[in-house]
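Taken from TrEMBL, the feature domain 'Major facilitator superfamily (MFS) profile' applies to 1-363. Positions annotated as transmembrane segment by TrEMBL: 30-48, 60-78, 84-103, 169-187, 207-227, 234-255, 275-296, 308-328, 340-359.
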Amino acid sequence: MALLASGVQFAIAFILFVTARTVVQILIGRFLQGCGIGFALAITPLYVCEIATAQRRGALGSLLQVSMTLGMLMVYSIGPYVSYTTMQYILLAVPVLFCFAFCQMPETPHYYVAHGRYADASRSLERLRGEPIEELQEEYGSIQRSVEDSIRNRANLGELFRDHANRRALFICTGIIVLQQLSGINPVQFFTQTIFEKTGSSIKPEVASIIIGCVQVVASMITVLTLDKLGRRPYLLISSGGMCCALVALGTYFYLETQRVSSGISLDRLAFLPVLSLVVFTSAFCLGFGPIAWLLIGELFAPNIKSFASSIVSSTCWGVAFFVLFYFSSLDAAIGTHWLFWTFAICTAGAFLFTYLFVIETKGMSLPEIQAQLNETAPVVINDKNQRY
């Protein structure tokens, strides 16, 4: 119901945009959009992690990033060529279709068990797995024990900071989500055309945006297909390393641009660099820090604390995003575009170190196993036959 509510909020927002006659009406629509995004990005990872098997959780969780990149590509591809009103009608169709389609989906088995609706939980699990409940007794029993244990140990906000596993999960998730925003992904996405206009590239800014949108979709799909094979940590390390290199290159181009007039440097041979840097940056982001940051929220927190924790992490994410976007133009003018991108590069280097030192691997692990590892009580593999003790 919460996800459906987000769809309703998006639909109302686009209706306000279509009928807007005042700036206030547009601001109200933007506020409702913000609420819809908050609902969707906080709840979708939780919903996905509760309906997915351990073997498919990574792939399904990564589809959130694929959907985001598809949405951006749609706007990049259509927006420059249609009127404002036409664009709003096209976008209005998305939440309307979502509400009609998603209202057919069941609540998660975890939700039904938490509310004592065991028959509904069985039917939900049968529908999600496509198998009779008789063949799903082990999974159903695991869900029931996990949820009932969480109810017996119902947590409050204080428990999030007192429990070792919760504190560690909060530290990891908040750190990753803050570093995700400090990578500069939102300014790069929102100001793509402006960035290309500043480079003087021969590629039209609107075409460059479409190219980058396509690259984002492809990179996100690669993650979906391979994340459950390679794991979370390798992708986060590749992602942060790739973003760092791309941002250093982009900052260097803009630095040379500032020196061109005084030193007479010709940048004709480097005209490809801004496009290549942005392609590498967005690809690297969509491979790791884009999808996995949200996936970890659904994986790392215990069921009895997920609602509190996801709200805190999501609020932190958008607080940092607001800060970065609000000061992006001011910092660009104050310290120069080159130093702005170098600052983002420093943050992504920090993301590499943070991942290497603190982020745990959750590939193929059930949610109870992840909690055991966060509590540092996970079984240890001691030989080549993967025997656990």
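Just so it is clear, glycine is given a Cβ too, placed from its N, Cα and C backbone atoms.
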Quickly jot the same-chain residues contacting the transmembrane segment (234-255) by Cβ under 8 Å, restricted to those at least six beyond its ends, or write none.
176, 179, 183-184, 198-199, 223, 227, 267, 270, 273-274, 276-278, 280-281, 283-285, 287-290, 292, 336-342, 344-345, 348-349, 351-352, 355-356, 359
Establish whether the number of Cβ pairs under 8 Å between the transmembrane segment (275-296) and the transmembrane segment (60-78) reaches at least three, counting only pairs separated by 6 or more residues.
yes
What residues in the same chain, six or more past the boundaries of the transmembrane segment (207-227), come closer than 8 Å to it by Cβ-Cβ distance?
58-59, 62-63, 65-66, 68-70, 72-73, 76-77, 80, 192-193, 196, 201, 235, 275, 278-279, 282-288, 290-292, 363
List, by number or range, the same-chain residues at least 6 past the transmembrane segment (169-187) whose CB is under 8 A from its CB atoms?
160-161, 236, 240, 243, 247, 282, 285, 289-290, 292-293, 296-297, 300-302, 309, 312-314, 316-317, 320-321, 324-325, 328, 340-341, 344, 347-348, 350-351, 354-355, 358-360, 374
Confidence summary (mean pLDDT) of the domain 'Major facilitator superfamily (MFS) profile' (1-363):
86
